[in-house]
Amino acid sequence: MPLMGPKDMFAAAYAGQYAVGAFNVNNMEIVQGIMRAASEENSPIILQVSAGAHAYAGQVYIMKLVEAALQEDKSVPVVMHLDHGPSFAMCRDCIDGGFTSVMIDGSHLSYEDNITLTKQVVDYAHPRNVWVEAELGKLAGVEEHVSSAEHVYTDPDQAVDFVTRTGCDSLAIAIGTSHGAYKFKGDAKLDFARLETISAKLPGYPLVLHGASSVPQEFVKLCNDFGGAVGSAAGVPEDMLRKAAGLGVCKINVDTDIRLALTASIRQFMAEHPEQFDPRAYLTPARENVKKMVAHKIRTVMGSSGKA
Ligand code: G3H
Ligand code: 13P
Ligand code: ZN
């Protein structure tokens, strides 16, 4: 199956009250781990590439890896998405390069400037049949080009105005999640009342949840047991993510859990096999660990198994 846009994927997810997982890709083992999980679970999937992944691997390499993955299993519907597009120029390059979906992240700008930038991307993307995700509100924590000490939750009325004025196809909202491995100091808490209000004001409209890793404690423990210093990392509990998926959230973003799955496995392997130095020896179980984690997420968090 060729790459597809998220339109039909999200319409089905919205109607079926499940979400499609959007997983960040940076190298071959990650692409393979995610794709094999999607294949095993017979699930639609979104592969997303950040500006950092572009810089690390290069757009052509990533695109070719994804093309190779599409050959491996032709039955899984795959969207190729730019994650946190920092500028019009990068969105345009990805659109021209064959991505089927882009995110323009103007969340750090003033409201009006966010609208102007988002609309500029929409005006370029739509005639080329490419989907546009935008962001309103601020997630606490640090992203590559956006950092905010505090959450700025998405205002429901502003969300309606923003979607109407920009024509963006999906909207990332802030309801208490944050990027990275340290999301909550005490109990995890998301503003579900706000999510329900936004959803009610935008019926049928796909929302996106960033910063949605659940930070599995077994990976944190493995990292820490084998020389890491990941400390008291904490993520979004899986049942909260599942609940969000039934409230208009059609796309759930996961990156940190992939990093933890890979690193935990590699740390353990290195510690247990100090004589080994063949990268294939430690990347094989690491890739398998990513696959297992993604398959689990597809089944129990996204609810998208069997929806391909
Ligand atoms: O939201 C951010 C993603 O986790 C991507 O992270 O910019 O370090 O690739 P990155
Ligand atoms: P996590 O850091 O929770 O995995 O969030 C990933 C994300 O939002 C990518 O855009
Ligand atoms: Zn994000």
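The backbone N, Cα and C atoms fix where each Cβ goes, glycine too.
Residues HIS84, HIS179 are given by TrEMBL as Zn(2+) 1 binders; from HIS126, HIS210, HIS273, that same site also lists HIS210. Here TrEMBL has GLY211, ALA212, SER213, ASN253, VAL254, ASP255, THR256 binding dihydroxyacetone phosphate, and the candidate from GLY167, GLY180, GLY186, GLY231 in that same listed site is GLY180. Sequence-distant contacts of ALA212 (dihydroxyacetone phosphate binding site), defined as residues of its own chain at least six apart whose C-beta falls under 8 angstroms from its C-beta, comprise THR177, VAL236, LEU241, ALA244, ILE252, ASN253, VAL254. Around THR256 (dihydroxyacetone phosphate binding site), a 10 Å sphere centred on its CB holds 22 further CB atoms from the protein chains shown. If you check the recorded positions ASP83, ASP105, GLU135, SER213 against HIS179 (Zn(2+) 1 binding site), the ones with a Cα inside 10 Å of its Cα are SER213. In this structure the alpha carbons, written CA, of GLY180 (dihydroxyacetone phosphate binding site) and ASP83 (active site, proton donor) are 15 Å apart.
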